[in-house]
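**Q** Taken from TrEMBL, the feature compositional bias 'Basic and acidic residues' covers A:478-500. Residues annotated as domain 'YdbS-like PH' in TrEMBL: A:63-139, A:246-319, A:394-475. As annotated by TrEMBL, region 'Disordered' applies to A:478-519. The transmembrane segment annotation in TrEMBL covers A:12-30, A:36-57, A:176-200, A:220-243, A:349-369, A:375-394.
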């Protein structure tokens, strides 16, 4: 099959626009010596030529690009100069994503991206197909993966699959508003809140001789005022981003897939195959927790590391709802987290004290040895915060071992709970640094194939007793083996059953097969 | 027809299971430490780094102040630390080919113990760098689909050991033959 015809003008337009930008930049930087400007006729000719070239190239691209969805694979043949043929086994496809920006939406076209676990990026991109074709691909790839056939009589069912059902989750305007309100990067704020009272007056000093006025404003008032302004700006930006990203978010379940749609300007739609879920992560920052809300993300193995392998399943909702939705995907129990031993808290207190003293020393050094002048003692405010922060960090940490899942919770400012099914575990590691060993503590890391494993996406039980860590490492491994074996025999059963269904005599009811199944 | 098939399947499965068990037992082994010569590899590698560092520092010091000793001191300090580290690292390093998983225990500053279930092994490499070749040693790297992929490295094996370990892990991985890793 081919791309949508409307992709030709769009793609040509895209390349011409890029060129126009280039020309514009050259023209602006090149000065305004009008005597050197080419005659209007020549200019018009050049424009026509460029447009014709772009259009011609895109026509060739269009004619050379074919794709085909077979029962087993998705095949793409493309390339004008060097030809490429690519076959992607359907079973390996992790996600099918659709994106369309406002212009594409006006034209009725969309971009389709197929993600697999291998490779360093998106496995295949179709630029662009009609919106209904994009939908059809999303539906049929899911259908073929389930072992149903794509072509026959699907139409009637298709639209009940994905469109007719009540969504599992649809974001309300109120939730969207609250999301904007809480999606402020608190780390930047806390960092600036120290910097502002310290250097704001002195910066004024350096810039302009308006000292009397600035001295009258005490650093603290300025700090509080600055903080408010910063918060407002950050909240506005965060809110705007949240609203454009998650406007009209809906999550639906179609057989064994989840499907989401979102976006105000650029519309996104993606699939999350439930049998490829690596882990779930429930996230909430301090503000969201204060109003009892949180978000849920599903981690699959698609996408390149760093691109973020987790798709938002619920961007923002009340915690109960988030948890119950997560439990409908992976049926874990309400977790009762085991906290680290109290001596871990002492460790955090010492760590934060060292940081605080470092900041104070740095501020003092800056005031003492540079022309900047300010209230360095203002940083002493950090000292009473130390025990509070230690308590907060300690109370946020925990792990839970359940029948089929291991859970871990970390982070106070942004709290993240990770749920890992045993059968998804890749490796189990315990690590203890020199400082941890002094207090007989260790960290248990449960690694999965979910991409973007760096930055604490894994399940980690941080600062637990060394003995517990060793015991848990063995226990988690044992449970993983049991879970994998169980899943394998289940898989095996299902496969032999489906083989019998397809190859066996038609008269044999499926019930007859089941009664004779050895397992 | 289905009944007979099912029973036959079952029987063969059981037979396979028992042979698999004995296979696993035979292939697994006790806790082992690395070949002592790995210390020379580590020391040599560290001394090369120390030499480069020393040359840089020495070069700068000589160019600026006409001094030679800073380079020598940097080289000596770095070299001493690396020798101590290599010895400590060797004393701590242990690995074990268990029945279901590979177990590694290592790390001087951060002590790391890793369990790699055979079901999760994607492929196994055996590497031999120039320094290792000089000492007659090899390294085995075990890859999983996990996000910390290449973390599982066993250095300091004799080429025969490395080959044998590679082969053994391969066989164990096949015996374990899991479902799709992802």
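Glycine is no exception: its Cβ is also placed from the backbone N, Cα and C atoms.
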**Q** Counting by DSSP, what is the helix, strand and coil composition of the compositional bias 'Basic and acidic residues' (A:478-500)?
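**A** Once the DSSP states are binned, the compositional bias 'Basic and acidic residues' (A:478-500) shows 23 helix, 0 strand, 0 coil.
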**Q** Under DSSP, the domain 'YdbS-like PH' (A:246-319) has how many residues in helix, strand and coil?
**A** 10 helix, 41 strand, 23 coil
**Q** Which bits of the chain, at least 6 residues beyond where the transmembrane segment (A:12-30) starts or stops, bring a Cβ under 8 A of a Cβ in it?
**A** 50-51, 54-55, 57-58
**Q** State the non-local partners of the transmembrane segment (A:36-57) in its own chain: residues 6+ outside its ends, Cβ under 8 Å from one of its Cβ atoms.
**A** 8-9, 12, 15-16, 19, 80
**Q** Any idea what the model's mean pLDDT is for the domain 'YdbS-like PH' (A:394-475)?
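**A** Summarising the domain 'YdbS-like PH' (A:394-475) by its mean pLDDT gives 88.
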